[in-house]
Amino acid sequence: MSIDWEQTFRKWSKPSSETESTKAENAERMIKAAINSSQILSTKDISVFPQGSYRNNTNVREDSDVDICVCLNTLVLSDYSLVPGMNDKLAELRTASYTYKQFKSDLETALKNKFGTLGVSRGDKAFDVHANSYRVDADVVPAIQGRLYYDKNHNAFIRGTCIKPDSGGTIYNWPEQNYSNGVNKNKSTGNRFKLIVRAIKRLRNHLAEKGYNTAKPIPSYLMECLVYIVPDQYFTGDSYKTNVENCINYLYNQIDSSDWTEINEIKYLFGSHQMWNKTQVKEFLLTAWSYIQKN
């Protein structure tokens, strides 16, 4: 029996339930409470906010836990790669006495004091918090202020966040740019961008459940970035099915010839810094296209 793809994509494009939104709000509130209860962290300039699909309202039920960023605003790590000769001194930054390592350890203590030792697991990049009594399922990311300088001026930078995994290295992220660009894309496509993101995410999850291995390496955020890349005119079809097919077709045909970026338009979508590659994406897109045509 063939699938009614128009009705299926209409259903899959809908936002997650109000329960899912409440889940994100509750997680944010409980993480803030944990920080406010910490004698050390409560005195510091810290921002707590959701990021990723829950904030963007593109999450689907099968997405991972709520992603909560805990950012220490007074600690800064800068990327000067675009401005040869730029350094901390020219940026008017001083060596901090309170380090990222101390911050992450203090956050771990605060979370365990709030949710219990068994409710908090320390990962390489984030804390996995599962506390049934508080109804919290969240990935809590300890971050500091990240800056990307574009000119030799202490105020000439793009602000983001930065994390330092336990395994080493530095990762810059751009949550505000992700959010604002996603909002603008949704407006420019007549509110169709987020609909199609959710539809294709659920298509990916459906394929994974059916045993298609090509769907499994494709995370939620990558799907969102891919749909963002598609030009606005490909969202103007007269049906959900047409718009989904337009996006898949465009991405498959253009992926080899393009240096694409994430939604933030700062970080390259492909490269050694990412956990995915173009071959995996092409295989997924081909699987998705073939599945729609054959069913």
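Just so you know, glycine gets a Cβ as well, placed from its N, Cα and C.
Binding of UTP donor is annotated in Swiss-Prot for Asn59, Lys201, Ser220; the matching candidate from Ser47, Ser53 at the same site is Ser53. Residues Gln51, Asp124, Lys125, Asp139, Asn173 are given by Swiss-Prot as UTP acceptor binders; from Asp67, Asp79, Asp106, that same site also lists Asp67. Counting only same-chain residues 6+ beyond the ends of the region 'Disordered' (1-25), those with a CB under 8 A from a CB of the stretch are 50, 54-55, 57, 59-61, 66, 135, 137, 194-196, 198-199, 201-203, 239-241, 244, 292, 295. Rounded to a whole value, the Cα-Cα separation of Asp67 (UTP acceptor binding site) and Ser53 (UTP donor binding site) is 8 Å. Mapped onto DSSP classes, the region 'Disordered' (1-25) shows 16 helix, 0 strand, 9 coil. Spanning the residues Gln51, Asp67, Asp124, Lys125, Asp139, Asn173 that the record associates with binding UTP acceptor, the maximal Cα-Cα distance equals 18 Å.
In sequence order, Val141, Ile163, Pro165, Asp166, Ile171 are the residues of the chain that are 6 or more apart from Lys125 (UTP acceptor binding site) and have a CB within less than 8 Å of its CB.
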